[in-house]
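**Student:** Take this structure first; my questions come after.
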Amino acid sequence: MRVTPRTLQNYKKTARPIVTLTAWDYAIARLVDQAGVDVILVGDSLAMVALGYENTLPVTLEAMIHHTQAVCRGVKNALVVSDLPFLTYQESLSQAIHTAGRILKETTAQAIKLEGGHPAMAETVERLTRLGVPVMGHVGLTPQSVHTLGYRQQGNTELEATRVIQEAIALEQAGAFAVVLEHIPATLAQTITEKLTIPTIGIGAGRHCDGQVLVTADLLGLSEKAPPFAKQYLDLDNLITNAVQRYSDDVRTQQFPPHLGS
């Protein structure tokens, strides 16, 4: 049965942890979906993972649509959420509506995700949800703000913690169906999780969130530089390199293709 935003909200009520991973193409999406995750996020992290950029900022709306289309073709059960890329929704409400509309109309994603919970962003979320667009929020460390906030942990001071709490609450009140809490203290994440009636999805935010998300490339060992809070379950980087080296050796020593006789 297909996971929906309502499914995730029911999971919070029953204390069932929500499993989320990213995907950027058909092959990864198909495998992640087969493994039984609840949510597949087509994150703008594909800018680094799939396109080789240093951060998420350069990825375009066209690229996000292209990759989301590929991911959706590989998914049968998980909820697919697509990130809105940098400066494709922050300028105005009309821009946000246009961007979200393109993603939902040109792909088969079921929801979008955007960053920030300040008053203008909460207004954007409220407008989108009123138009029928399911929105996942994102507070704490917001990678699209790398040039102003950096990649440091957020919420360490009382002022910062209050801001993150207020933003999460504002997103819920605006109609978001879930919110990502990134790289904040575990105690702060627990406080937010207890205050909200919508699910919290943590990444580098401790174990007291309603669910967890990782960048799949970090999990598989494909990232050149994974964040300190990521856990690597497989060293696919070395496995792929070794397989390619073995193939190269076989070709150069004429062991491949095998001799099939005359």
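For all residues, glycine too, the Cβ spot is worked out from N, Cα and C.
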**Student:** According to Swiss-Prot, ASP44, ASP83 bind Mg(2+); which one of GLU115, GLU123, GLU126 is listed for that same site?
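**Tutor:** That Mg(2+) site, as Swiss-Prot gives it, pairs ASP44, ASP83 with GLU115.
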**Student:** Sort out for me which one of ASP44, SER45, LYS113, GLU115, GLU182 has the most neighbouring CB atoms within 10 A, since those are the recorded positions we care about.
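**Tutor:** Result of the Cβ crowding comparison: ASP44.
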**Student:** What is the interatomic distance between the Cα atoms of LYS113 (3-methyl-2-oxobutanoate binding site) and GLU182 (active site, proton acceptor), given in whole Å?
**Tutor:** 13
**Student:** Would you mind reading off the Cα separation of GLU115 (Mg(2+) binding site) from SER45 (3-methyl-2-oxobutanoate binding site), to the nearest angstrom?
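**Tutor:** One finds 13 Å between the Cα atoms of these residues.
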**Student:** For ASP83 (Mg(2+) binding site), just count the other CB atoms lying within 10 A of its CB, please.
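**Tutor:** Other Cβ atoms within 10 Å of ASP83 (Mg(2+) binding site): 29.
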